[in-house]
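Visitor: Sharing a structure here in C-alpha cells format.
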Amino acid sequence: MKSLILASSSPRRQELLNQVNIPFTIRKQTFDESLIRTSDPVEKVQQLAKSKGENVSLLKENEVILSADTVVSYKQQIFEKPKNQEDAYNMLSTLCGNTHAVYTGYMIRSSEHHVIRVEKTEVEFWNLTEQEMNWYLSTTEPYDKAGGYGIQQIGAMFVKKIKGDYFNVVGLPLSTVVRDLRDFSIHPEVKN
Ligand SMILES: Cc1cn([C@H]2C[C@H](O)[C@@H](COP(=O)(O)OP(=O)(O)OP(=O)(O)O)O2)c(=O)[nH]c1=O
C-alpha cells in the first residue's frame, strides 16, 4: 500500500488534495527558494518543485512524495510571494488590465521513478482603481500568494477571463496530478 507525502506547507495544496479525497500526510520542506535564480518561469517552477521534493527524504519504500511551486509571470517578470505591501502593490498594478500567466510545476517521486510537469494558465485582470488596490492590500490575502492575489478568495473579483486549469492557479493542476498519482498507485478514497 503506497502512502502519499505532501512536501508543502501551502494550505491551498492541502485543501486541493482533500477536495478530491486523496489521502496524504504532510512533511514540511525547508528548501531556500532564493537559490533558484533562472529568469525563465517554466524552468523556475520545474527546478523549485524538484528541489523541494528532494529536500524531503524518502523514509520508507512505500512512500510517494508530491512537491510543487507556483509563480506568476508577466512579460519578462516573475512574481513570487510579495515581500511587503510595496512589492504587492507593484505586482497588482502591473497585472491589472493585462493578461498574465500562472505556472505551477510539480514533481511526484517514489524510490522507483518520478515525474515532473509544468502547467500554464492564463488569467486576464480587469483594470483596477487605486482605491480597489489599496483596499485589497490592506487585507492579509495578497501576502502569502504568488503574484499577490488569491483567485479562490477576494482576488476573484479582479479576474475577467481565465484560460486553462483554474486549480493550477490555486497551487496544483488537480486533475493532471490525480492522473499522474495513479501511476504511483495513489488513488482517491471513497468517502460517504
Ligand atoms: C496566483 C495564486 C497563488 N496562490 C498560492 C499558491 C501557493 O501556495 C502560493 C505560491 O507559493 P509557493 O512557493 O508555490 O508555495 P508555498 O510557499 O505556499 O508552499 P510550499 O512551498 O511549502 O509548497 O501562492 C493562491 O493561493 N492563489 C492564487 O490565485
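Every residue, even glycine, has its Cβ placed from backbone N, Cα and C.
Heads up, here are the entries from TrEMBL:
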- D69: active site, proton acceptor (ACT_SITE)
- R12: site 'Important for substrate specificity' (SITE)
- T70: site 'Important for substrate specificity' (SITE)
- Q152: site 'Important for substrate specificity' (SITE)
Visitor: Pick out which of the recorded sites T70, Q152 has the most other Cβ atoms within 10 Å of its own Cβ.
Guide: T70
Visitor: I'd like to know which of the recorded positions R12, D69 has the most other Cβ atoms within 10 Å of its Cβ.
Guide: D69
Visitor: In angstrom units, rounded to an integer, how far apart are the Cα atoms of Q152 (site 'Important for substrate specificity') and R12 (site 'Important for substrate specificity')?
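Guide: So the alpha carbons of Q152 (site 'Important for substrate specificity') and R12 (site 'Important for substrate specificity') sit roughly 9 Å from each other.
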Visitor: Through the lens of DSSP with three states only, how would you label the residue listed as 'active site, proton acceptor'?
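Guide: Strand, per DSSP.
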Visitor: Which whole-number value in Å describes the distance between the Cα atoms of R12 (site 'Important for substrate specificity') and T70 (site 'Important for substrate specificity')?
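Guide: Given the Cα positions, R12 (site 'Important for substrate specificity') is 11 Å from T70 (site 'Important for substrate specificity').
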Visitor: Work out the three-state DSSP category of Q152 (site 'Important for substrate specificity').
Guide: coil
